[in-house]
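Asks: Sharing the feature lines straight out of TrEMBL:
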- 20-50: transmembrane segment (TRANSMEM)
- 25-496: domain 'Major facilitator superfamily (MFS) profile' (DOMAIN)
- 70-89: transmembrane segment (TRANSMEM)
- 101-120: transmembrane segment (TRANSMEM)
- 126-144: transmembrane segment (TRANSMEM)
- 165-194: transmembrane segment (TRANSMEM)
- 214-233: transmembrane segment (TRANSMEM)
- 294-313: transmembrane segment (TRANSMEM)
- 346-366: transmembrane segment (TRANSMEM)
- 373-391: transmembrane segment (TRANSMEM)
- 403-426: transmembrane segment (TRANSMEM)
- 438-458: transmembrane segment (TRANSMEM)
- 470-491: transmembrane segment (TRANSMEM)
Amino acid sequence: MSDSPNLAVLKALDTARTQWYHITAIVIAGMGFFTDAYDLFCISTVSKLLGRLYYSVPGDSKLGKLPKDVNNAVVGVALVGTLMGQLVFGWLGDKLGRKKVYGITLILMVICALSSGLSFGTTPKAVMGTLCFFRFWLGFGIGGDYPLSATIMSEYANKKTRGAFIAAVFAMQGVGIIFAGFVSMILSGVFLHYYPAPKFSEDPWRSTQRQADFLWRIVLMLGAMPAIVTFYWRMKMPETGRYTAIIAGNAKQAALDMGKVMDVEIEAEQEKVAQFKTSNDYTLWSAEFFRRHGMHLIGTMTTWFLLDIAFYSQNLTQKDIFPAIHLTSAATEVNALQEVYETSRAMFIVALFGTFPGYWFTVVLIEKMGRHLIQLIGFFMMSVFMLIMGLKYDYLKKESPKLFAMLYGLTFFFANFGPNSTTFVLPAELFPTRVRSTCHALSAAAGKAGAIVGAFFVQSYTLNGTSKSIKGALIGLAFTNILGFFCSFLVTETKGRSLEEISGEDGRMEAHAKGGAGNESAVY
C-alpha cells in the first residue's frame, strides 16, 4: 500500500504515540457518556416509586402503579429527545464545528437534570407532565453527545488505537449504568434506615413513605454533577485538526492546535488542502455519496436499530423481570423504599457483573479482533441466550432462577462485548470528515428509534409481568438479534487504517467502490 497523501497534521495524528491528550480526550468525552447513561437509566430505579407516590388511593388495597401510557412516557420520553438531539447536534457538528456545539449539550443536560428533580404540580398528571417535559430536553442534550463525542475521539486518535479509544469513551456508559443502580441503592438504603414503614400487605397506605418523594428527585438531580465537572475542560479542548484542516480549510491553524496538544512542531502544508475539497465535493444526499458510502450507512443504521430494540427493552424492563425470577420481592411484600432498594440492588449487580465487563473486553480486544468480528459474535451470542431464556422461561423461573439471572447477565455481556460498542465505533470511522458527525447521528438516531420500540412497545408488552408476555418478548428479541447478525455484513472492517483511507478522502476509492462488506477491506 502506498503512502497516504495526507496532510502532515493528519499523518501526525495517525502515527502519534498514546499521549496525555488522548487520555484527557477519553475522560472529557467519556464523562459525557457517564452522565448520559446515568440520566437515561436512573429513571428505571424509581419509576415504580412514582406509581406508589402519585397513583395510590387512600383506603384502596390496590397497589399504586403508573398507568401504562404514563409509564411509557416517563421511561421513554428521554429516548425521543435523544433521537431528536442526535440529528440536530450531529448536523450542527458538521456545519459549525465539533467544539462550538459540544458545550451546549452539557448545559442542556445540567439544566434539565436539575429541573427534572424539581417537577412539581397540583395533580399527578401535572407532575408527570412536567417531568416528561424536562426529560425530553434532557434527552435532547444527551443525544448531541453521541455523534460529537464519537467524532471528536475518532479525529483525535491515532489509527493503531482509534477503536480502543472510541470504545473507551463509550465504555463510560457502563460506569454510568452501574452508578444509576448504586446511587439509588445507597440513597434508598439511607432513607429506609431513617423512615421505616410496614410492607404493603400489612398497611397499604403507610407502606409508602411520604419522604420518598424527596428520594426520586435527588436521584434524578444528581445526574447534573458529572456534567458540571466536565464543562470547563470541554471548553478548553481545541477544534479537531481534521475539521479545521479539511472542512474549515485552515491547515495552518490545525497544525498549530494539534502541535500544541502533541507538543511537536507540525508543517502546515496549506497547498494540500485543495486536494481534499476536490476529491470530496459531494453532499450527503447525493448519488455520489450513496455510491461510495450508501451500503455502509444502511448497515450502521440497521444494526444499531436492531441492537437497541433488545438492549433498551432489556435495561428498561429489568424492574418487571426481577420480581418474576425472584431477584426482588413481590411488590406487596415490601414498602416503597424497600422496593427501590431491591430493584436498584438487582440492577447494580447485573450491571457490575454482566454489563460492565463487556464494555472493557471490547476496549482491550477491538484492535486485535476487529470491529466486525466482535459485532458478529455479540449478536449471535445474544440470540442464543435470549432464545434459551424464552423457550425455557417457565422452567428457569421455577426451578433455577439463578441460572436465569446468569443467562440474563450474559446477554448484557455480549451486547457490550459486541454490537452495543461496535455500532458506536463504526459510524465514527466509516464516513468522510464533512459528513462524519451527521452520519454518526443518523446511525445513532436509528438506534434510538429501536430503543423507543423497546421502551414503548416491548415494555408495554411485559408491563403486566406475566410469564407469557416475558417469554414472548425474549423469543422475539432473539430473532431481532439474528437479523442484526446478518445486517452486520453491510459494514466493512476499519481496523488499522486512517480515517482518510477508510472514507476515500485521500483519493483512493478502490476499497469503497462497492460500498459494502463484500470487498477486500472487509476481511478481518
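Note that Cβ sites are derived from N, Cα and C of the backbone, with glycine treated the same way.
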Asks: Does the transmembrane segment (126-144) reach the transmembrane segment (403-426), going by 3 or more CB pairs under 8 Å (6 or more apart in sequence)?
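Replies: When sequence-distant Cβ pairs are counted, the transmembrane segment (403-426) does not touch the transmembrane segment (126-144), since fewer than 3 lie under 8 Å.
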Asks: Same chain only, please: residues at least 6 beyond the ends of the transmembrane segment (403-426) with a C-beta under 8 Å from a C-beta of the stretch. Say none if there are none.
Replies: 146, 150, 163, 166-167, 170-171, 174, 300, 303-304, 307, 310-311, 314, 321, 325, 327, 350-351, 353-359, 361-362, 365-366, 371-372, 374-375, 377-379, 381-382, 385-386, 388-389, 393, 396-397, 443-444, 447, 484, 488, 491, 494
Asks: For the transmembrane segment (346-366) and the transmembrane segment (165-194), decide whether they are in contact, meaning at least 3 CB pairs lie under 8 A, counting pairs 6 or more apart in sequence.
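Replies: Yes, the stretches contact each other.
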Asks: With the transmembrane segment (20-50) as the reference, which stretch in 70-89, 165-194, 214-233, 470-491 has the largest tally of C-beta pairs below 8 Å?
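Replies: That would be 165-194.
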Asks: If you count every Cβ pair below 8 Å, which range out of 70-89, 101-120, 165-194, 470-491 shares the most with the transmembrane segment (438-458)?
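Replies: Against the transmembrane segment (438-458), the leading stretch is 70-89.
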Asks: Which residues, given as numbers and ranges, are at least 6 beyond the ends of the transmembrane segment (294-313) yet have a Cβ under 8 Å from it?
Replies: 79, 375, 379, 382, 386, 411, 415, 419-420, 423, 426-427, 430-431, 439, 442-444, 446-451, 453-455, 458-459, 462, 473, 477, 480-481, 483-484, 487-492, 514-517
Asks: Give the nonlocal contacts of the transmembrane segment (165-194) in its own chain as ranges (CB under 8 Å, at least six residues past its ends).
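Replies: Distal contacts: 22, 25-26, 29-39, 41-42, 44-46, 149-150, 153-154, 156-157, 209, 211-212, 214-215, 218-219, 222, 315, 337-338, 340-341, 343-349, 351-352, 355-356, 358-360, 362-363, 366, 416, 421, 424-425, 428-429.
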